[in-house]
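Noted in TrEMBL for the protein shown:
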type     : residues : note
REGION   : 1-33     : region 'Disordered'
COMPBIAS : 7-26     : compositional bias 'Basic and acidic residues'
TRANSMEM : 48-75    : transmembrane segment
DOMAIN   : 50-504   : domain 'Major facilitator superfamily (MFS) profile'
TRANSMEM : 148-166  : transmembrane segment
TRANSMEM : 178-196  : transmembrane segment
TRANSMEM : 208-228  : transmembrane segment
TRANSMEM : 248-265  : transmembrane segment
TRANSMEM : 277-295  : transmembrane segment
TRANSMEM : 315-335  : transmembrane segment
TRANSMEM : 347-371  : transmembrane segment
TRANSMEM : 378-397  : transmembrane segment
TRANSMEM : 403-428  : transmembrane segment
TRANSMEM : 440-461  : transmembrane segment
TRANSMEM : 481-501  : transmembrane segment
Amino acid sequence: MTGEISPPREGEASLPDASDKARDSSGPEEISDADFAIGPQMSLFREFLMVSTLCAAQLMTQAGLALAIAPLHIIGSTFHVSNPGELSWFASSYSLTVGTFILAAGRLGDVFGHRLIFTLGFAWYGLWSLLAGFSAWSGPIFFDCCRALQGIGPAMLLPNAIAILGRTYQPGRRKDMVFSLFGATAPGGFVVGAVFASLLTERVWWPWAYWIMGIACFSLAVLGLLVIPGSPTSTADDGLSSVARLDVLGGTAGIAGLILVNFAWNQGPVVGWTVPYNYALLIVGFVVLGLFALIEFRAARPLLPPEIFTSELGWVLGCIAAGWSSFGILVYYYFQFNQVIKGDTPLLASAKWTAVSVSGAIAAVITGYLIAHVRPSVMLLAAMAAFATGQALLATLPVNQTYWAQAFVITIVTPWGMDISFPSGTLILSNAMSREHQGVAASVVNTVVNYSISIGLGLAGTVESYVNHHGEDVLRGYRGASYMGVGLAGLGLIIASLYVIRDYTR
């Protein structure tokens, strides 16, 4: 297979843009060399290794979330932690940094090369995975810090993996297939992480899951250097310094503001909202985010260019934020319900979640076909309906009901929300943005997805702490948290419905 790499404009390589999706799909498309922008040195075997390595970024990101959720209470017992708010930090600290650092990491890839930042992401991920395992000899605060720093690795991986895939393949069916594969690894990644973490926790010791994760990440970093073609960097002669091109000041303000707001929301269930410093951090966080907006307005090369703030942005990000915050609540409390209320082991609870990988793979393939034939706004509505259905089933799940009646259905329905919403939301933003801002679309959606998971856990934890009668009625607390998820998913459903009406009537 031959062809030339066509260097993208800065930030351009994310998902197929509007012109990609508008091509004729009435008949079968013959795959030829014109479908690729991979150099003549790229053999089929190397292409397989490259795609597998890039898809591993998505898989390992979701597996990292599962490493804390599946064996949550066993990890908590090691640190003598049983407070629900403190336990939720084991998962939310990771999602916090995954979502917070994605935009900045994408800009680093634009300036210094996507392959370099991608491989550094795996190396960073591996380092802090090892240290998270060693934190068993320290305490919960150090473990939370390791989890937060661990999340910076996936933040470096995701936008740069998408950029590499986007610049490697020419528009065509093959490109669509590769992106479908990338999306399909998300549900499977969580299952793989949950199963292996549970096995190692029950048979050996939970830190081994983190140590093996670290070794795997270092191996993938080396493999990435060997099989991923060199990335073109931004070479625009704009006379700007590296600091200006990276938008260091704006990035610092944005990251600081997001961390402060998120910390306040997730610390609320731990210390209560009557503690003054929690309110202070929340207020300061919003002030810093306002400062970030001012800096971006004046920056020469802002992380969020003013041109991206179209009418579509609010609709799409509103749906994505509501739907994925609901999903974060669902997956967390699905495992808590099965382990704490039903008495399942981590491995059995993980086994009950495995259908997600099969349903998610089917959803990804079907979405890859439908997205070229159905309006993205309608697809987004379907995704919100899937999130709402799964969350409603969890909120009303009877304790003594058989698994196949309701819990199994949750694992079948929920992945459709995941695998429909991300590509649909990205495509809508891609269609609404100019070509030089195509890369921002996937980065913004990725940021909102991961940040919303963490925020959702904070909201649910707050509700749980207020309705569980000081920990005496655990089931009531879980129900309250799940109904919080129903409310968020319902909000997403309302926003998506209004968006569809607007889409068809304008």
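Placed from the backbone N, Cα and C atoms, the Cβ positions cover glycine too.
Just so you know, TrEMBL annotations never went through curation; they're auto-generated.
Taking every recorded stretch in 315-335, 347-371, 403-428 and counting its Cβ pairs under 8 Å to the transmembrane segment (178-196), the highest total belongs to 347-371. Among residues of the same chain six or more beyond the transmembrane segment (403-428), those with a C-beta under 8 A of the stretch's C-beta atoms are 14-16, 21, 179, 183-184, 186-187, 312, 315-317, 319-320, 323-324, 327, 330-331, 334, 338, 352-356, 359-360, 363-364, 367-368, 371, 376-377, 379-380, 382-387, 389-390, 393-394, 396-397, 441-442, 445, 449. Counting same-chain residues at least six beyond the ends of the transmembrane segment (378-397), those with a Cβ under 8 angstroms from any Cβ of the stretch are 316, 319, 322-324, 326-327, 329-330, 333-334, 337, 367, 370-371, 406-407, 409-410, 413-418, 420-421, 424-425, 428, 479, 482-483, 485-486, 488-490, 492-493, 495-497, 499-500, 503. For the transmembrane segment (347-371), the list of distant contacts is 21, 66, 70, 176-177, 179-181, 183-184, 186-188, 190-192, 194-195, 197-199, 202, 331, 334-335, 338-339, 379, 403, 407-408, 411-416, 418-420, 423-424, 427: same-chain residues at least six beyond its ends, Cβ to Cβ under 8 Å. The transmembrane segment (440-461) and the transmembrane segment (148-166) are in contact, since at least 3 Cβ pairs between them lie under 8 Å (pairs 6 or more apart in sequence). Long-range contacts of the transmembrane segment (148-166) within the same chain: residues 8, 12-16, 51, 54-55, 57-58, 60-61, 64, 93-106, 108-110, 114-115, 117-118, 120-122, 124-126, 128-129, 131-132, 175, 178-179, 182, 217, 228, 231, 438-439, 442-443, 446, 450, each at least 6 residues beyond the stretch ends and with a Cβ under 8 Å from a Cβ of the stretch.
The listed stretches are 48-75, 248-265, 315-335; of these, 48-75 has the most Cβ pairs under 8 Å to the transmembrane segment (208-228). Within its own chain, the transmembrane segment (248-265) has Cβ neighbours under 8 Å at 92, 96-97, 99-101, 103-104, 107, 278-279, 281-282, 284-289, 291-292, 295-296, 299, 302-303, 451, 454-455, 458-459, 462, counting only residues six or more beyond its boundaries.
If you look at the transmembrane segment (48-75), the same-chain residues 6 or more away from its ends with a CB under 8 A from one of its CBs are 42, 87, 90-91, 94-95, 98, 118, 121-122, 125, 129, 143, 147, 150-151, 154, 157-158, 161, 164-165, 168, 178, 181-183, 185-198, 201, 206, 209-210, 213, 216-217, 220, 223-224, 226-229, 331-332, 335-336, 339-340, 346, 349-350, 453. With a cut-off of 8 Å between Cβ atoms, the residues of this chain six or more beyond the transmembrane segment (315-335) that come close are 65, 69-70, 72, 88, 91, 95, 190, 194, 346, 349-350, 353, 377, 380, 383-384, 387-388, 390-391, 394, 407, 410, 414, 417-418, 421-422, 425, 428-429, 444-445, 448-450, 452-457, 459-460, 478, 481-482, 484-486, 488-489, 491-492, 495-496, 498-499, 502. In the predicted model, residues of the domain 'Major facilitator superfamily (MFS) profile' (50-504) average a pLDDT of 88.
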